[in-house]
Each structure stands twice: as C-alpha cells, then as structure tokens.
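Positions annotated as region 'Disordered' by TrEMBL: 1-25. The compositional bias 'Low complexity' annotation in TrEMBL covers 10-19. Sequence annotations record features per position, and here TrEMBL assigns transmembrane segment to 102-121, 133-162, 182-204, 246-268, 402-423, 438-459, 480-502. Sequence annotations record features per position, and here TrEMBL assigns domain 'Ion transport' to 396-511.
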Amino acid sequence: MPKREKTYGSTSPRPRTYTPYPPSSNFPLSESNKYLAGCYFRDYELGLPPILPSTSSPRLCSIYLLRTSPLYQHTFLTFSCFLTFLSSSYEHINSSKTLRLILTSISMLLYLSDISIVFAYKGESWLTRITLIYILFHLIDSFISSSPFLITSILKPILIIYSFPISTTTSYKTLESIVPNLLKIFSLELSLIFTFSLIARTLYSEETEYFKDLAHSFVTLFALSTTVNNPSSWIGLYYINPLNSIFFIIFLTLSLFYVHSIVLGLVLNEYSDGFKTELSKKKENREEAIERSYDVLKREGRRNRGKCDSYVRREDLKEALGYLRPHYKDTKLERIIKNYPENISLETWNRVIKKGIATRVTTTGRFKQCVPVLRKILGGFEGEGYGIYLVRMGRETMRATAGPCLLTFITLHLFCYLGIYLWEGKVGEWLNGRGGEYYYLLNFNSYGEGLVTLFNLMVVNDWNQIAKVFTAVSKESTTYTFFIAFQLIVSGVMVNVVQGFFVSAFIKNYEDGDGGAKKRTSSRRSSTAKVAVESVRQGSVEGGVDESESLLTLTVSERKGYIDTMENVVGVGVIGGSSAPPIMSFNAETGQVLGWNPEFTTNCEGVSEKKVASGLMEAVARGKNKVMFQDLGNEYTPVVTGIGGNVKIILLREIR
C-alpha cells in the first residue's frame, strides 16, 4: 500500500521550509537610506542634532542637504544678510527711501524662501519662528513708518544668528555663561581706577584741569589706562615736579601691564572654558548622528549564539558619501574608502566614518596647469608650497574667529543704533576743530557713519578726543558713560577674544604644519596620495576615471570644519597636549603590556604588537624624541605620562 502523503489544513502548522533564501546583503539598500545617511553625515559635520526621521523621502533629504551645504550658506544666506544690513545705510537718508525699501523687500523675500525650505523638512526651531515673526514686523515697519529711524532695525542681529547659527549661537551662549565673571573682572579694574582717581583729585586738583573734580579725574585715568592721553595728561605735572611721575608710573604699571593683562588672560580663559561646554554638547550631537547613520545603512549578518551581527557594506558607504559630496566623482570617492574593509562592523564604524567625512580629496594637477603664475607667486616665498600653505592656514584660522567676529559686529550694530538715538543730526561741520580737525565727520548721523565712528573707537586711539565732540551737544555723564561702556565691552572683551583666538588658532595650525618651509613641504608630500593613471586604467580603481583628468593627481588632506578647528584651539578632548589617542599602556617595572587601543591595532593590521611595544619602550628608555616603524611607513613622537607604576605611551603626532 503506497504511503499516504500528509496534508495540512488551514489550522495545521505549516511545514518547515528549507528553501535557502539569499542573505540580506544581496538585496540592494534603498536610496532613501543612503540619502538619509548622507544627511546624518552632514549633521556630524555641523554638530547639529539629527532631526530627519527614518521615514524621510529622498526629495526631503536632498532639500536638507542643499540647505545645510557650505555653498548655500556662503552664497545665499550671506548675500541675504549683506542686503539686510546694506539697507540700514539708507534709513536716515530721506532721498533714498525707495532704494531702502527695495533692498529690504529683496532681502526679506530671500529669508522667507529660506524659512519655507526649513519648514519643508520640518527643521524649524525657536530661532526659525522668532526670525519669521521678526521679518513680518520689519516689513510692516519699513512700509508704514514715516520716520527714518526704524525700531525693528535694531533687532537685525537676529538674522545674523539665523544665517550663521553654529558660530554665533555657540559664541553667544559662551559669552552668556561668563558674564558673571566678566562683571567681577571689570569691577576690579574700575575699582582700581576709582581709587587712584580719589588720590589724584586730592593731590593735583588745584594744579591741572584734568583732575579738578572726581568725575574728570576718573575719565582722565580711565583714558590713561588705555594710553590715549599718555603723557599729555600728566606731562605738565612732571614739569612742575619730576617726582609726580612716580604716581603715574605706578598707575600705568598696575592698570596697563597688570590689570589689563589679567583681564585679557581671564577673558580668554573664561571664553575658552565656556566654549568647551558648548562643544561638548555638539560632540553628543555628533555621536548621535553617527549612530543613526549606522542604523540606516546596516545589514543583518549571520546569527552567532543568538545574536545577529550587523555590518555596513563599503559600496553603500560610498554612495552615501556621494550624496554628502555631490561634486566628487567616483575616482575621489574610491580614494576615500579604498582602504576600508568590504564589510564594516559596528566596532570600526566610528573610526571609519569620522575619517571618511574628514577626508578632502582635491585635484592638484589642474591648479598646476591653469594658473602656473599664481602658483609660482604663492610658492616662491620660502620654498614650494609656502604661500599656499599660509593661505590654507589662514582659512583654518578664520574658522576659529568666525563666531567672535560676528558677535563683535552685532555689538557694534547695537552701539551704533544707540548712538543714532542719542546724537543723530546733532554733530556737524559747526563743531569742526573740537577734539581735532575734521573730527566732526565721526558722528552718528547715519548707520554707515556710525559704524565708521565705532570702528575708530574700537582701535582705541584718540577715543577721548572723539568724545569731546559729543560733549558739546550732550551731557558729559551721558557721553562718557557711552564711550567707557564701549571700551569695556568691545575693546576689553570682544577684541581681546578675537585677537586671542586668532593667535591661538594661528599657532596651533602653524605647529601642526611643523613651522618650517622644509617640513611643510615634506608634510604636503606625506599627505598627498598620487593616483597613477596607469593603475587606474588597469582597474585598481573601480568606475574608471575621467579622461580630462589623465594628467592630474589627487591630493588627500584633512577637512577641518568650525567645530574641529575650535576643538583644537580650546583643547577639547586633548590628551597630553595632543588630540591623538593613546596607543598602548604598559607596566614600567615588568614591561608587561596592559592594554592596546583597538582603533590603533585596527589601523595597523598585520603589524606585530610586540614589535611596536618593544620599539616604543626602547625609545622611551633611551630618551628618543622619535621612533621609526618600517611597517607603519612613518616616524612617530612618543609622549610618556606616568600614573603610579603604570606608564602610558601616547602617539602625539606623525613627524612629517
């Protein structure tokens, strides 16, 4: 009797299927996921919290990438901001009202179109809503108000904060956090000046008008602390009795060389500490962006002991980076990921993606061919590439000072409108000769003239003579309160911060370039990967190469954004003076290796750990300042720190 086959009813359990389904890695990843990963990469670059949900469409992602691109910010938003403040120059000129309305309308329409883009991908925030409300009120005020003085124009810095949120918001929150300490610092300085003012009034009130009463004595010594009236304010007293110079030498020593130095140091230190707090928040945003990018690109692998190992395919990462860098061709994208494993695990994703986003690939041959004269000029100062190096270093330095510079302009804007409110139309040619010849031209009769006046005050020289012009049309108390407040806030805080950060960033970038023309040239060669055309044509780089680039080379360098530059300047995440992670730690007594940095060992697959450990320990024992590993292809500087019996070896930097 033939064996009856078993049948299953609708309620019976289905038989186990043994049909081998292909692994998930064989299925193509959706375009939406790759687009979304590119958006998260952009969030990492800018330090923004990821806002796009996992269900975002490619169209929405493309809008987001366009809105957050550096090109969009440096052209569209910068142009809109420029038109906005250019219109302020025509507010106090009745004959130019039509031009002012045209400029205002164009700039506000540009901002409204940008805000509509932000609302399209649901990226609105409190700043976006405030900006929208301000634009509507400013448009109404511009067309309805008959007065040349527009109240809403005072709030135009809102548009600067909206246009450059990363630089301005971080700097603003930093300044807000250090205000209490700044008040203490300035209280100390003003108390010192007030004490010496009392002494000067007692000693010299009958001998010179500079110290005839307490108010004049205070203004004179405050101006003396800025050196604008030195020695004219006390040279007459020195003529009467040379011993009078002792008083002023002591005052200048304490105020100019001591207190002002303390103010500069504390302001810069407090500002750096505040910046570290803000940058730590952006670091958290970056980590979240990296996690989300992995989630949208990952594929499920084989199960191992009940756990499913996930990974990201290298080709998927390449396409996602292509959305982040749409101007990169396949050749450049391949150059970025060529050393990455085929399947990138979660453990190595952090390192891989950070390196990939920070990698810049430029075509150096085109510069050699198209502008040889300019290249020769820039390279002819002190060896090849020196001028180009200075240009690149200046670009990195400007990133560090972008926030303080914008805040300085915002402060000038507010003081300018305050000056217009106090002295508009009150200073003219009839005051020529007061303070100095043609000093009446430094006035607040319009927005443009006010900015010129404030710039001269910011330079400090002759600010007391400029103030004399305004004492003729207003009370001395009002005039000197305005000018002293400006010197304290702008010259005492903002200018010091800009100068301090500029110097810090310049020195940091100069040290990273090794400081010399010869070393800079070798550094440039070591960071340049020349992709031979023959190897490309033989198939070492997938996707081929553009024939127009047959004689060009690809230069690989590090892409530093605003956050990366600021982390270097203020020292966020720095270990032992370097942002490089520790390679290994070992016990100094036994020589036993206690731990290895997995990121380092991953980067150096195939290199003997024992060989590296023995080489580092020998370099430390002999006091060498550099060590060479043939397997790694470069020289390294070992830096030693000791904690008890354990000694940690830190990789400071490659010697280039």
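The first residue you see is number 1, and the count goes up from there.
Cβ atoms are placed via backbone N, Cα and C, with glycine included.
Beyond the transmembrane segment (246-268), the same-chain residues lying 6 or more positions past its ends with a Cβ under 8 Å from any Cβ of the stretch are 178, 181-182, 185-186, 188-189, 192-193, 196, 199-200, 203, 221, 224-225, 227, 230-231, 234, 237, 492-493, 496-497, 500-501. Scored by C-beta pairs under 8 angstroms, the transmembrane segment (402-423) has its highest count with 438-459, from the stretches 102-121, 438-459, 480-502. Within the same chain, residues 80-81, 84-85, 88, 91-94, 97, 100-101, 104-105, 108, 111-112, 115, 127, 168-169, 172, 406, 409-410, 413-414, 417, 420-421, 424 sit at least 6 positions outside the transmembrane segment (133-162) and bring their C-beta atoms closer than 8 Å to a C-beta of that stretch.
Across the domain 'Ion transport' (396-511), the DSSP tally of helix, strand and coil residues reads 92 helix, 0 strand, 24 coil.
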